[in-house]
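Q: Below is a structure I'd like to ask you about.
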Amino acid sequence: MAKAKFERTKPHVNIGTIGHVDHGKTSLTAAITMVLGKDNKDIKVKKYDEIDAAPEEKERGITISTAHVEYETKSRHYAHVDCPGHADYVKNMITGAAQMDGAILVVSAADGPMPQTREHILLAKQVGVPKMVVFLNKVDMVDDPDLLELVEMEVRELLSKYDFPGDEIPIIRGSALQALEGKPEGEKAIHELMDAVDSYIPQPIRETEKPFLMPIEDVFSISGRGTVVTGRIEAGKVKVGEAVEIVGIKATQTSTCTGVEMFRKLLDSGEAGDNVGILLRGIDREAVQRGQVLAKPGSITPHDEFEAEVYVLSKDEGGRHTPFTNNYRPQFYFRTTDVTGTIELPADKQMVMPGDNATFKVKLISPIAMQQGLKFSIREGGRTVGAGVVSKVIN
């Protein structure tokens, strides 16, 4: 089936619903499509059952169920992800299968914050979701206005505890069910929520506007011309004549881009998404290797120690059959290469079981160009046993 092409006249933002099981994430997702769909016939209205029966997808060998819906407001176009199960959220956020520029945290006014509310806020912080808006759902089930105030205070305190600005985050009260039933107060709350999302969730920086970065996949020597590195430009742009740094594994080197080639044609520049060969001035073939990155000078630094948020594959997903303990030494696969590293578990954690998610420190045997948010796989004998994201660079 041919996919309908979306008119890209409006800025695009990726968003998702997070929160505790049964607090109404999927109902809210359905309600948003329904309420916005009334004013805009291009929006596909999705029913609860269609969203809940999310198809399974594989991302880096991990099975994740995710529902994708799209809708638009007057000012933006949104791609929205909703996951049926808690484990799907954990996997989704860690692997970045569905990148989120912002989130809608759904909290049931009848229950207040619950364990998964906490875990999803923490995960959002660890994986670098920049901002979130709160939808206090099921307010039709709460008669006491003081109780609503109390729940709202509790949510704000929880957000602040995990370094989100709890005092300024918009909290919208409503009922997804009332919106689905077409009640005016229900629909009004959905419009309020989307206004808050439009204004509070920042416009993401496009890949082409970020500093230049290209993971090196291969290195060639061309007689009479010098050394050529190939790869796919991950971010930014590079022009002929610009200075670049070669970062990671060895000491950082500086060079100049003297040529950009794509499909055997010479170009003046390359940008995010292009598969290119870049000619480097004054660099020996032996001085560069796969696993390093080419970057705008000063934009990224090499590190061999970091803290990570990791999902460990279950046995059914082809992961380990047994838990691992402190000082476990697998391979960490960053961008294009494997680097051996040692894991240091937190003092209160004896082991990590297959199917778990955990936070721990890693010490690599050689430094890799990294910053918060970099994704990696954990491998053992060539098979993937985990997926992670750098939550904090240590040195």
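Using the three backbone atoms N, Cα and C, a Cβ is placed for every residue, glycine included.
For 10-205, the entry in Swiss-Prot reads domain 'tr-type G'. Marked as GTP binding site by Swiss-Prot on the basis of sequence analysis: 19-26, 82-86, 137-140. What Swiss-Prot records for 19-26 is region 'G1'. Annotation comment: Swiss-Prot describes THR26 as Mg(2+) binding site, evidence class sequence analysis. Per Swiss-Prot, the feature region 'G2' maps to 61-65; the stated evidence is similarity to another entry. Among the features that Swiss-Prot reports, region 'G3' is placed at 82-85. Annotation source Swiss-Prot lists region 'G4' at 137-140, citing similarity to another entry.
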Q: Highest CB neighbour count within 10 A among the binding-site residues LYS25, HIS86?
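A: Ranked by Cβ atoms within 10 Å, first place goes to LYS25.
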Q: Restricting to the region 'G4' (137-140), report the mean pLDDT as a whole number.
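A: Taking every residue of the region 'G4' (137-140) together, the mean pLDDT is 98.
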Q: Please list residues from the chain of GLY19 (GTP binding site) whose Cβ is under 8 angstroms from its Cβ, counting only those at least six apart in sequence.
A: LYS25, LEU105, VAL106, VAL107, GLN116, THR117, HIS120
Q: Tell me the Cβ neighbour count for the residue listed as 'Mg(2+) binding site', meaning other Cβ atoms within 10 Å of its Cβ, over all protein chains shown.
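A: The residue listed as 'Mg(2+) binding site' is surrounded by 23 other Cβ atoms within 10 Å.
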Q: Would you mind checking how many other C-beta atoms are within 10 angstroms of the C-beta on CYS83 (GTP binding site)?
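A: Around the Cβ of CYS83 (GTP binding site), 25 other Cβ atoms lie within 10 Å.
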